[in-house]
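The block underneath contains the structure these notes are about, expressed in structure tokens.
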Amino acid sequence: MEIRERILADMQVAETIDAHEEIRKSVEFLKAYLKKNTFLKSFVLGISGGQDSTLTGKLAQMAISELRAETGDDEYQFFAVSLPYGTQLDESDRQDALDFMAPDNRLTVNIKASVDASVAALAEAGVELSDFAKGNEKARERMKVQYAIAAMHKGVVVGTDHSAEAVTGFYTKYGDGGTDINPLFRLNKRQGKALLKELGCPEHLYLKKPTADLEDNKPALPDEVALGVTYDQIDDYLEGKEVPADAAAKIENWFIKTEHKRHMAITIFDDFWK
């Protein structure tokens with residue numbers, strides 16, 4: 001199988017979608033998971049104010065609200081967690097996103113003290129973290145907090161990973177990539193926008209430039225700058241359309257380079273890396 005055939009088979013992106021149908025597909029998927037696992041009662045999600053967490057949060061709240069209405073069980077809850085490192089540059093967007101999704105519970109945990117303590121402890125041991133490595137430390141601290149909250153509320157940590165992000169491995173291993181359930185996987189970036197438009201989301205939340213915003217020295221660095229390829233090109237590639245050869249090569253290189261992120265810890269029986 002050629003590399004593009006393999007990528008398209010793995011990422012499961014349809015060339016065209018019906019936004020309403022995809023919304024229902026994700027909501028029913030989330031509901032089915034909790035109904036099957038009756039010891040679980042909540043969804044926990046970190047909210048940044050960007051497109052992906054806004055969409056995921058809205059879908060999670062819809063699923064929880066429907067479960068409560070269908071079962072009469074008020075223990076079903078959604079926890080939307082703000083996890084700033086100090087002060088977030090686009091805090092107003094995060095508040096707009098929270099207002100749009102209207103979560104049952106809003107929590108804020110500032111991760112700055114925890115991250116800075118880890119950086120200082122490592123420095124004391126002779127390990128000086130680069131700004132990039134510190135960015136990954138932030139992502140992992142955020143996930144640690146979400147799992148702590150989930151542990152206290154019979155919760156599932158929901159991920160925001162979609163296929164345009166998965167194909168490039170554009171997330172932190174065991175950080176934002178370390179979740180329990182990903183309701184957006186199969187969608188690319190533009191399809192996520194279509195779902196938010198269908199849901200009546202304020203446009204500025206999905207038309208803004210996507211950024212992981214993890215590095216202190218490069219605040220709000222656009223994803224497309226970091227990747228060297230645009231989301232339109234990634235989306236076209238995943239929909240089976242023609243893209244410039246250099247863009248295709250970059251996408252395929254990211255896919256190969258980050259394949260380890262899409263696997264659990266490697267064992268002697270794995271051969272994908274060889």
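From the backbone N, Cα and C atoms, a Cβ is placed for every residue, glycine too.
The annotation ATP binding site is assigned in Swiss-Prot to Gly46, Ile47, Ser48, Gly49, Gly50, Gln51, Asp52, Ser53, Thr160, Lys189, Thr211. Residues annotated as Mg(2+) binding site in Swiss-Prot, with sequence analysis given as evidence: Asp52, Glu165. Under the heading deamido-NAD(+) binding site, Swiss-Prot lists Arg140, Lys173, Asp180, His260, Lys261, citing sequence analysis as support.
By the criterion of other Cβ atoms within 10 Å of the residue's own Cβ, the least surrounded of the binding-site residues Asp52, Glu165, Asp180 is Asp180.
Compared over the binding-site residues Ser48, Thr211, the count of CB atoms lying within 10 A of a residue's CB peaks at Ser48. The Cβ of Gly50 has fewer other Cβ atoms within 10 Å than any other of the binding-site residues Gly46, Gly50. Working note on the binding-site residues Arg140, Lys173: by count of other C-beta atoms within 10 Å of each C-beta, Arg140 ranks first. Cβ neighbour count for Thr160 (ATP binding site) (all protein chains, 10 Å cutoff from its Cβ): 25. The Cβ of Lys261 (deamido-NAD(+) binding site) has 16 neighbouring Cβ atoms from other residues within 10 Å, across all protein chains displayed. Using a 10 Å Cβ-Cβ cutoff, His260 (deamido-NAD(+) binding site) registers 14 neighbours. Between the CA atoms of Glu165 (Mg(2+) binding site) and Gly50 (ATP binding site) there is a gap of 14 Å, rounded to the nearest whole number.
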